[in-house]
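So the structure is just underneath, and the comments pick up after that.
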Amino acid sequence: MAELHASLPITLRCGLTLPNRLVKASMSEGISAAGSLPDMKIRNIYQRWAKGGWGMVITGNVQVDDRYLGTANDLAVDSRASDDTIVASWSRWAKVCRQHGTPTLVQLNHPGRQCPIGAGTHGYLSKNVAPTSIGLHMGDGLIPKAVSAIAFGKPRELEIAEIRTITQQFARAARLAYRSGFAGVEIHAAHGYLIDEFLTERTNRRSDAYGGSTERRAKFLIDIISAVRSEVPSSFCVGVTINSVDSVFPEILVDRVRQLELVTSAGVDFIEISGGTFEDPLMFLGPPKPSSSANMEHSEAYFVDFAKVVASKFPDVPLLLTGGFRCRESIEKAVTNGACSMVGIARPAAVNPLLPKTVMFNHEVKDSDATLYSPKIEAPWLIRQMGITALSVHMDNVSSF
């Protein structure tokens, strides 16, 4: 097997050097114990990834406000704990992550309106928060509408003072990650969570400093990046994951590229391209399948078209592309053709935490056999009949943990 471009080191803008370009992308672990701090189960999972030979590991999303979680078992910044208590817990986690030299980043998030009932400490009668009071649309029909109303409710619009508080919560979480010994953080601005809700006109109808124009919709994210940067040294890695947009809608594409101009100028070290929301879970399904073999590149690299646009507009910014990759050849093609600098692998990494060593960079494994296994589980018939897209997706098996 010839040397792969994906196996070559890459140095990010902050000076952090990754030993290769294969990244364990973020996945919500969903096993946090009460208190939202990492326990032995979390450390055991990351101990496996630390041995895998990944270029970088990005943790599952850690919520910056434990009142609002994406699932009831998310890790979060525990509001009941002091900074020193959190650092003591996170330091044990970070020590496991870096024991084999793998750079590990903590992904920071706020779920916004995508906080299901019972997740977090905000109480059953307290509404979720969002840039604008617009509820989730989980599908057409009575059942999807009822599920949306019961599970998520209609969010309330955030006040400016609350937006500023959340901005500082991201900054505090980044400071805690730095003190704990992690190599950096990734700010989650994708998948329909709070920052993505601010970026998108459909979910942000504000007319103040945080909405009404492309630039003002990006203000929340830019303020977060600036606040994070003020709390950590320049050598501490700060990345952003952001949603792809469909290039068939030129005005939306222009808006997103403009927002990325602001993001790159704010001082991020890399950008990750992903996609999907609870309403439209492209992160699981990908875009519509190609109709011909000539377009098979898109059957694996879900968001490759948008990634190519971003790569051409911002050639000096390392680009991480995540979503759909299932074989060595497609990963190598994405890196060599300039679509991205790095490739993110999520669910196959749960099935095989040692994937870089045992498959991707194993010279004894032929290209034809170098597949990234991720079995599918069909949603039960009754769930599929409900018409709720997010429940009907093929959920991959991550029970290997």
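All residue numbers here begin at 1 and follow the chain in the order shown.
Cβ coordinates come from backbone N, Cα and C, glycine included.
Swiss-Prot names Ala25, Ser26, Met27, Ser28, Ala346, Arg347 for binding FMN. Of Gln99, Gln107, Gln114, the residue it gives for the same site is Gln107. For the pair Arg347 (FMN binding site) and Ala189 (substrate binding site), the Cα-Cα distance reads 20 Å. For His188 (substrate binding site), other Cβ atoms within 10 Å of its Cβ number 29.
Ranking the binding-site residues Ala25, Met27, Ala189, Ala190 by how many other Cβ atoms lie within 10 angstroms of each Cβ puts Met27 at the bottom.
For the pair formed by His188 (substrate binding site) and Gln107 (FMN binding site), distance between Cα atoms is given as 6 Å, rounded to the nearest Å.
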